[in-house]
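Residues or ranges marked as ATP binding site in TrEMBL: Gly23, Lys24, Gly25, Gly26, Val27, Gly28, Lys29, Ser30. Feature annotation from TrEMBL assigns [4Fe-4S] cluster binding site to Cys201, Cys204.
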Amino acid sequence: MSSETPASRRLQSVKHIIIVLAGKGGVGKSSVSTQLALNLYRSSPTARVGILDVDLTGPSIPRMLGLDGHGVHQSSDGWVPVYADGSEARLACMSVGFLLKNKGDSVVWRGPKKNGMIRQFLSDVRWGELDYLVIDTPPGTSDEHLSLLEHMAPLHARLSSVIVTTPQAVALMDAMKCLSFTRAVNLPVLGLIENMSGYVCPCCGEVSNVFSTGGGEAMAKREELTFLGGLPVDTELVTLLDASDANTIDSTDNNAFPLLQKYSATPSAKLFEKIVQRITTSLQGP
Ligand SMILES: Nc1ncnc2c1ncn2[C@@H]1O[C@H](COP(=O)(O)OP(=O)(O)OP(=O)(O)O)[C@@H](O)[C@H]1O
Ligand code: SF4
């Protein structure tokens, strides 16, 4: 058992840490991380969820959760995360996006600075008690992934991952590289999600297969992984996650979480509910 680290001390009250991986950029890893956090949140009225965006050069979680423009502040006990559900405070979010002066600013950092930022996110944020911490990572397997695993080494028993791919052969090849990374570092994989698997017609809800489909499921079978499910191209989802005002919380209605209400009505939400059931069942063990 590795000795304690500042991150493992800070995260001692976090039950499960799920790292979201994708071999290739643009396959929908951040939107899957966002949906995973939203669905874990709505899986129980008491679930406490955190989402950490370590995609340092392309942070998109604040925008997807409708939290652009928010800032984090320091307390005597560290950084206070931004709560996507307002005063309910069960969905905590942290991202480098909250630290940039302008949202168009780019982060151009070398490895050691990225490592320092990740250490701070894990050890200086007041995460508190969480049932789940979802971590959105950059595409591929890079310094950020190694830093995460190093800082959280003493928490190994609580770590797991989900791999996101699209059905095209080139994305599947990159997903295989992700899988071999998880095997090399001994990181358990909860399963594979095939995103942009078909297209849902906004008029009639019919699903058509624009790209090939089923490649993710076939890879899962071949590699003896759980196939968590397929998510089609969903125009309602993309409109919602791109809208900066989708989560404007009305201060007169303390319990409103507008983004969650709108998300729950999308075709993706129903499909993701099943994915989350598979994930929570697998985390509970036999
Ligand atoms: N199932 C889907 N249906 C429709 N649009 C989607 C779907 N999944 C993702 N998108 C959209 O595709 C774009 C890219 O998605 P996202 O940012 O999640 O990808 P990513 O893999 O995290 O990208 P990056 O490589 O930049 O980290 C976003 O505009 C997102 O809303
Ligand atoms: S799937 Fe049906 S309703 Fe949708 S665009 Fe095609 S023909 Fe029209």
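Each residue, glycine too, has its Cβ placed from N, Cα and C.
Note that this is a predicted model, so its numbers are computed, not measured.
Distribution of TrEMBL features across the structure.
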residue : record                        : Cβ neighbours (10 Å)
Gly23   : ATP binding site              : 24
Lys24   : ATP binding site              : 20
Gly25   : ATP binding site              : 13
Gly26   : ATP binding site              : 12
Val27   : ATP binding site              : 24
Gly28   : ATP binding site              : 22
Lys29   : ATP binding site              : 26
Ser30   : ATP binding site              : 26
Cys201  : [4Fe-4S] cluster binding site : 11
Cys204  : [4Fe-4S] cluster binding site : 6
Relative to the mean position of the Cβ atoms of Gly23, Lys24, Gly25, Gly26, Val27, Gly28, Lys29, Ser30, the recorded ATP site, which additional same-chain residues have Cβ within 8 Å?
Ala22, Pro139, Val164, Thr166, Ala171, Asn195
Out of Gly26, Lys29, Ser30, Cys201, Cys204, which binding-site residues have CB atoms lying under 6 Å from ligand 1?
Gly26, Lys29, Ser30
So which of the binding-site residues Gly23, Gly26, Val27, Ser30, Cys201, Cys204 sit close to ligand 2, that is, with a CB under 6 Å from an atom of it?
Cys201, Cys204
Integer Cα-Cα distance in angstrom, Gly26 (ATP binding site) to Cys201 ([4Fe-4S] cluster binding site):
22
In three-state DSSP terms, the structure that Lys29 (ATP binding site) belongs to:
helix
If I take the alpha carbons of Gly25 (ATP binding site) and Cys204 ([4Fe-4S] cluster binding site), what is the distance between them in whole Å?
30
